């Protein structure tokens, strides 16, 4: 089924033509079509992602032909038991096309460990360093030979995955993973991951959300330029930068061409960026949930809802009250309006990328391009200060295009321009500290909450996420004020305390933490909390590197000697 036929099908469902959008990819198995619909709606698996991550045992044409015959026999209403048998006969379990990979550049005892004064934390950091070996993946040759038999996007070089259900690469997760890998002295692994991303830009014009074809039409927060900056700073590999500077520019062009919006403020028009994914149908990896959610809105609004869900996924915050700004009940996921918001963090990331590109081109001797990106950054900075900055509150806020005003709710992303260095007022870090105090954020002792609203979504209270801790901590650390610096350290201490406590109890790191009651693995959202976990490990290593001479494991836990901690960890692993 081509997407044109998909469009006709949607029209047959009563959707207006301007709302009938193309599917996320052409595959009639992994992205749209009757097979996907019947399998996912039958709920053969608890997690919708499981089916679309399974590879085919034979060609797609043969699978579709066999399915068509089965559907005809059952008048297109196949019983669950027969569907289960069909999938078991024609699909292979998740992960068959991947093999575990131990990075060749992994080694014992990287130097940063010596910076950590607390013996318990040093032993723990060694354990985190070892986890890289568990998260390494390499694609089998069959993914390249038979790409149509898998939803995986082929990557030439091995990579580090987040962990748990996420057995493929993810875009913005990889930045914090790479920071941790560089501390672990694994620059070769980082270079391979960077090369994979650069290859994706050359092939598709952008980096998809993750390494599956059903993610192809949406990206994630644009951190590729920053990844390159950290790699070059660590290795001095300017030749690699020079070879790929044009590809970095192409990725930023994708955001300029496809994700910009004009905003009028003070009688002047400004251009800023937003998340926007004009592709229809339920997300394949959350198909049943999206299809059922669509039943709660008028038929003609369903394609818009699905596109907004994809834009929310592109933001990395899937999902959050940040985007639930439409309709009478803002806590309902059906009120999502991601594309109607101008996000502070997205524009901060792009502002930072434009500054880095200017620096890169200067370093490479191309003054014309350096000036171009310097001017782009200046234009964005002016736009952000006019549209997103609130002097009275001392923070930046997402701008609601439909309501014509800022969303003044608390989110750590409100301080992302500070982290990105995208500001002109040198006292802004101290203003940000006052904003945190006024918002009562410093009263939370186990981490910075993702919001102050408990909607049941995973990117809201009471969850706390590693990348958002980083945005605030390193943002405040830019201040020259000793007090603001001290608060940055205390926030780092709080986060390390939570990570270490949970690890000591469960011998695992998690993608998110519930900071409402002493700190434990987070919840909410569309799936169970995942272990691993790439960016959590990366940030923990970053904070241990930065504040290793000050951080402590806590009074109660400090009574355990390092050998006791190791013994406890080994025992827990043996019992698993």
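From the backbone N, Cα and C atoms, a Cβ is placed for every residue, glycine too.
As annotated by Swiss-Prot, signal peptide applies to 1-20.
Residues near residue 75 (N-linked glycosylation site) in space but far in sequence (CB under 8 A, at least 6 apart, same chain): none are found. What Swiss-Prot records for 75 (among others) is N-linked glycosylation site.
The substrate binding site annotation in Swiss-Prot covers 165, 172, 173, 209, 218, 219, 220, 283, 284, 285, 316, 526 and rests on similarity to another entry. For residue 284 (substrate binding site), the same-chain residues 6+ apart in sequence whose C-beta sits under 8 angstroms from its C-beta are 24, 30, 31, 32, 36, 40, 48, 52, 214.
All protein chains shown were included, and the count of other CB atoms within 10 Å of the CB of residue 258 (N-linked glycosylation site) stands at 14. Sequence annotations record features per position, and here Swiss-Prot assigns N-linked glycosylation site to 258 (among others).
Non-local contacts of residue 318 (active site, proton donor/acceptor) by the CB criterion (under 8 A, 6+ apart in sequence, same chain) comprise 309, 312, 458, 459, 525, 526. The feature active site, proton donor/acceptor is assigned by Swiss-Prot to 318 (among others).
The feature N-linked glycosylation site is assigned by Swiss-Prot to 366 (among others), with sequence analysis given as support. Note on residue 366 (N-linked glycosylation site): other Cβ atoms within 10 Å of its Cβ, all shown chains, come to 14. Secondary structure at residue 366 (N-linked glycosylation site), taken from DSSP and collapsed to helix, strand or coil, is coil.
Annotated active site, proton donor/acceptor per Swiss-Prot: 511 (among others), in sequence order. Around residue 511 (active site, proton donor/acceptor), the same-chain residues six or more apart in sequence whose CB sits under 8 Å from its CB are 162, 163, 164, 465, 522, 529, 530, 531, 532, 533, 535, 536, listed in sequence order.
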Neighbouring C-beta atoms (10 Å sphere around the C-beta of residue 316 (substrate binding site)): 23
Cβ-Cβ distance under 8 Å to residue 173 (substrate binding site), same chain, at least six residues away: 162, 166, 534, 535
Alpha-carbon spacing, residue 165 (substrate binding site) to residue 366 (N-linked glycosylation site), which is rounded to whole Å: 44
Among 218, 220, 366, which are recorded as recorded positions, the nearest neighbour of residue 258 (N-linked glycosylation site) by Cα: 218
Spatial neighbours, same chain, of residue 220 (substrate binding site) - Cβ under 8 Å, 6+ residues apart: 170, 171, 172, 207, 209, 210, 314, 315, 316
Position of peak Cβ density within 10 Å, selected from the binding-site residues 165, 218: 218
Distance [Cα-Cα, Å, rounded] between residue 218 (substrate binding site) and residue 366 (N-linked glycosylation site): 32
